[in-house]
Amino acid sequence: MRSLYQKIFKTYWNPYVAISLAGVLSALYFGATGTVWAVTGEFTRLGGHVLEWFGVDTSKWAYFQLIKMQGSPLTRTDGWIVIGMLFGALITVLLSNSFKIRVPQQKRRLVQGFVGGIIAGFGARLALGCNLAAFFSGVPQFSFHAWLFMLATAVGTYIGVKIVMTKWWRGKPNLKPATATVTKLPVGKKRTLQPLLGLLVSVFFLGVVVYFALQGKNLLAIAALAGLGFGILIERGQICFTSAFRDQWISGRSVMTKAIAVGMMVATVCTFFYIHNGMPALIKPAAPSTLLGGLLFGIGIVMAGGCETGMMYRMMEGQVHYLFVGIGNLVGATVLAYGWDHLGIYNALTKGWQPINLLKSWGEPAGLIGTLVMLACWWLLAHWWSQHYKFGRGLQVKSDVLTARKAMK
Amino acid sequence: MKANQILHVIADCPQSFQTVPEEVVKHGYELMREPERAGQDLHFFIRVLR
């Protein structure tokens with residue numbers, strides 16, 4: 001029992017396993033509700049609610065009509081996905097005793113996170129989805145726009161890396177000389193408070209789910225449970241879409257990229273089953289706004305250090321930085337909602353462009369196999385890149401610990 | 001930093017547990033021992049090889 005607890009909560013899970021489970025869960029969620037795992041649409045609605053509290057009449061804004069503003073986060077499935085994710089992440093953070101209020105040493109990080117968050121939030125909504133609906137759960141819907149988004153995000157993260165590698169962005173590290181090597185680490189006090197709180201929070205949240213079920217609000221119960229599952233999986237797997245793109249440019253690290261590619265293949269196969277049996281696929285327009293949105297999203301997530309999903313579990317870890325990123329996401333999404341009709345963004349970048357369903361354009365077998373082949377190519381490309389990446393700095397040794405150790409002897 | 005000097009990195013972002021060891025080695029430095037956790041902080045000992 002104890003060793004099982006250790007295994008589940010004291011170590012992070014293999015990202016391949018975590019993201020594949022998320023792939024299965026996202027397909028099941030689609031099958032049960034007809035909607036996909038997504039978060040930024042709800043962020044935008046939340047921004048709309050905030051404006052309403054301040055007396056702004058948003059009922060005529062075209063973007064809010066497009067994403068539908070009825071009810072509140074507490075009465076919408078999309079709302080409970082977000083709430084569930086926050087709770088799921090919080091529960092595993094507490095159970096693993098990892099909560100800590102973390103304030104970055106350099107205060108400029110907070111501003112950077114906020115600005116990056118705005119750009120990422122704006123870009124995501126411009127493309128009508130973030131790394132989830134326009135990517136992780138968009139590709140398995142066979143919506144071509146997700147591929148455009150992905151490509152543009154990759155380019156955006158490259159630009160983002162160029163920005164964050166500059167001196168004025170990085171600032172000075174806090175380096176202190178030490179006289180002797182520290183061999184003994186300070187022993188943290190053994191505390192059971194956090195796991196206990198984690199247990200209480202899980203009981204409370206499951207109570208909410210049972211309440212919904214008893215009230216006959218089955219969709220909300222399903223959304224809350226699915227959200228809980230997603231939150232647990234992204235936290236335990238430390239699933240980071242930003243790292244999946246950014247790390248390739250910084251160090252050629254490709255573990256997260258390959259794990260996400262595999263998770264998406266799993267999601268694609270499972271989702272195909274539902275669409276084949278008559279569930280309508282959710283297809284979005286493949287337009288210039290998708291490309292521009294992906295580009296901005298890529299730049300923004302690298303500047304912020306996390307995307308809309310990564311931000312959520314890191315906020316629950318107590319990282320103050322990501323509170324700023326989250327608020328930035330909300331602001332950016334709301335600005336886009338305003339500009340959609342008021343600044344003519346829709347007319348300029350989206351109007352007249354059609355949604356492309358790969359299962360319809362290519363036919364079902366080719367659409368499925370084509371999508372899987374493209375994902376496999378992405379995996380292979382990431383693998384090849386990680387093997388051949390040349391570092392600008394540091395030594396060039398083969399990439400495993402043993403080689404580095406041998407070099408010492 | 002010069003050869004054989006040791007950098008002791010203290011991080012409190014949980015994700016560094018996954019990324020730092022891999023990137024240290026990829027950049028050609030030596031991770032002297034497994035990352036250790038003390039409370040919510042992570043400690044890494046990195047040696048400059050050349």
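Note that Cβ sites are derived from N, Cα and C of the backbone, with glycine treated the same way.
Here is what TrEMBL says about this protein:
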TRANSMEM  A:12-32  transmembrane segment
TRANSMEM  A:79-99  transmembrane segment
TRANSMEM  A:111-136  transmembrane segment
TRANSMEM  A:142-161  transmembrane segment
TRANSMEM  A:196-213  transmembrane segment
TRANSMEM  A:219-234  transmembrane segment
TRANSMEM  A:255-275  transmembrane segment
TRANSMEM  A:287-308  transmembrane segment
TRANSMEM  A:320-340  transmembrane segment
TRANSMEM  A:366-385  transmembrane segment
Folded-back contacts onto the transmembrane segment (A:111-136), same chain, C-beta under 8 angstroms, at least six residues removed: 22-23, 26, 36-41, 43-44, 63, 145-146, 149-150, 152-153, 156, 160, 169, 241, 260, 263-264, 267, 282, 284-285, 289-290, 292-305, 307-309, 311, 321-322, 324-337, 345, 349
The transmembrane segment (A:79-99) in contact with the transmembrane segment (A:219-234), cutoff 8 A, at least 3 CB pairs, sep 6+: yes
Highest-contact recorded stretch vs the transmembrane segment (A:287-308), from A:196-213, A:219-234, A:320-340, CB pairs under 8 Å: A:320-340
Selection from A:12-32, A:142-161, A:196-213, A:219-234, A:320-340, the stretch that has most Cβ pairs under 8 A to the transmembrane segment (A:366-385): A:142-161
Stretch with greatest number of CB pairs under 8 Å, the transmembrane segment (A:219-234) reference, A:12-32, A:142-161, A:320-340 candidates: A:12-32
Tertiary contacts of the transmembrane segment (A:142-161), as residues 6+ beyond its ends and Cβ separation under 8 Å: 116, 123, 127-129, 131, 134-135, 242, 245-246, 249-250, 268, 272, 275, 281-287, 290-303, 355-359, 361, 367-368, 371, 374
Cβ-Cβ under 8 Å with the transmembrane segment (A:12-32): same-chain residues at least 6 beyond its ends: 136-137, 140-141, 222-223, 226, 229-230, 233-234, 236-239, 255-256, 258-260, 262-268, 270-271, 273-274, 279
